[in-house]
Structures are given as C-alpha cells and as structure tokens.
Amino acid sequence: MEGQRWLPLEANPEVTNQFLKQLGLHPNWQFVDVYGMDPELLSMVPRPVCAVLLLFPITEKYEVFRTEEEEKIKSQGQDVTSSVYFMKQTISNACGTIGLIHAIANNKDKMHFESGSTLKKFLEESVSMSPEERARYLENYDAIRVTHETSAHEGQTESSSPSSSQPHSSHCRTKASSLCHHASLPWVKRNHVGPAKATSPSLRLRRWRPFLRLPSMGLHSVAPSIDEKVDLHFIALVHVDGHLYELDGRKPFPINHGETSDETLLEDAIEVCKKFMERDPDELRFNAIALSAA
C-alpha cells in the first residue's frame, strides 16, 4: 500500500513563517532568504541564526554519495549527542514540514510558543519517541497535516505558457525507502541576485518557485498537485551541543559535520551547502533560508 502524500511546501520565508505562526510559534524568530555565499551577502542575514534549511535536487550523483556516506558512517561510526531531536520521513512531500520541525525542536529553548501551540504539543509528546515512532506519530497528527496543506496552497506560484522552456523541478518528494522520481513540473526563478555558476564559491542562490498551466485570462495562482512527481528535498542544519548536524528524514541518522557555535552556525552551515553544490556542478536548483532572530 502506498504511503501518505502531502502537498509540496515552498522554500519561501513568507510561507514558512506563516506556517509556524499557525502552529503557535511566536515570531521572535523568522526565516529569511540567504541570497548567496559571499561574506557580503551572508552579512545581510540578521543574526543570530539558529538553523538553516537547504532545498536541493536529488540526483543520481547525490544518491551515490548518500549511499557511500551511510556505509562509511556505519563502518567508522560518528559521535551524535542524545540531545539531537531527529525524526524519519515516511510521508511523501513532507520534507519541508519535517525540516521545520527539526529546526524548531533543536532550538526549543530559544522559541516562544503561544498558549495551546500545536507544534509545542507535538514536540512535548514525541520527545521520548524514536525517530521512527516520531514519523508514525506525524502521519496521524491531523493538526499539523491540515496546517501544512493550508500553507502549501498559499505558496506563491507563477504561470507561464505551455511552450515555456524553463528548467523542470519541484519542491520535495521522498519516501523513506525509495528514490525520488524526476520531476515533470516546470519552474521559473524569482529573486535572482546576479549571475551564477554552480562551481563558484561566491554563487548567488536562487529561489525557485513552480508554475502550473492556467486557463487563459486566469488571474489566480494555483498550488502544485498532490500527485506531481518532484525531485527537490529539504534538510535542516542545526547547532546542538557544539556541533553542526545535518538532519534529513531520508537518512537513518543525523550527520555530524563537526564543531560549530551560535556565532558561526550560518557560515559553517553554508560550507556544508557548498559541498552539496560542488557534488552537482551542473545543477542550479539550490535554495537556502535561515532561521534568524527577528
């Protein structure tokens, strides 16, 4: 039997911030765009930063690396503090929500929650669960599912003619035990800052947003179809107990990327993002947003 599938969530600070607000998070921390990797562009990100979400394409090169990385860690081991909150992903297209949960759960002491917060309740109830149990718990947590779907519908989209030659991709689609399929949904880019080359360390990140074909004279954007096959994926990069962790529900465990601090988290996380981009130098479909103090 095929597992659950949610609507894809857009890598857009306006969408993610509204989503978290609806889940009962006080806006003392807000997601903002990361426009590039240069120190000048990173200086535009408000500090402090407590998490970074990376949206990236799942390609054959990445899947080969992911398998090799998993085998290496299983063979050599790694140190992962028990303080890390990590959950698996079993719901297709839920990687955006799981990335947000990872970002907030591992910074819970910094967050202010409204009375009756759905997210706070979920985190408190799942704190003693295993990563697999948290995944199953989310499958049946209707309050978060409904809020996710509302936010996915509200994501900004743009229309284009059927003959558009723009690159093809989409938000996120993944299952815990299978590879993502290549996407068929066309995209356009927005908020592009300057020229970009995937092999350049000073690469400007681009925000990619989907468009769907609309009826002639249509004035309203539409959310992506729940059945769209997509190949982009969210991960979270967080600081826990002095180390930088990559949290990806498709992987069996967190990935320890070495030492970091509250002061250097953004720069250290961007170094990890660079490695993702260097593995696929022909790809341009990368986007990062940072959770910053408002």
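The backbone N, Cα and C atoms fix where each Cβ goes, glycine too.
Cβ contacts within 10 Å of Cys95 (active site, nucleophile), excluding its own Cβ and spanning all protein chains shown: 30. The active site, nucleophile annotation in TrEMBL covers Cys95.
As annotated by TrEMBL, active site, proton donor applies to His233.
Annotation comment: TrEMBL describes 159-169 as compositional bias 'Low complexity'.
Annotation comment: TrEMBL describes 5-293 as domain 'UCH catalytic'.
Under the heading region 'Disordered', TrEMBL lists 150-175.
Just so you know, the Cβ of Gln89 (site 'Transition state stabilizer') picks up 26 other Cβ atoms within 10 Å once every protein chain is counted. Summarising the annotation, TrEMBL assigns site 'Transition state stabilizer' to Gln89.
Annotation source TrEMBL lists site 'Important for enzyme activity' at Asp248. Within 10 Å of the C-beta atom of Asp248 (site 'Important for enzyme activity') sit 25 other C-beta atoms, taking all shown protein chains into account.
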Exercise. Which number gives the other C-beta atoms within 10 angstroms of the C-beta of His233 (active site, proton donor), all protein chains shown included?
Worked result: 23
Problem set entry | Integer Å distance between the CA atoms belonging to Cys95 (active site, nucleophile) and His233 (active site, proton donor) | 6
Problem set entry | Cα-Cα distance linking Cys95 (active site, nucleophile) and Asp248 (site 'Important for enzyme activity'), given in Å to the nearest integer | 8
Problem set entry | Rounded inter-Cα distance in Å - Gln89 (site 'Transition state stabilizer'), Cys95 (active site, nucleophile) | 7
For this session: Restricting attention to the domain 'UCH catalytic' (5-293), give the mean pLDDT.
Result: 80
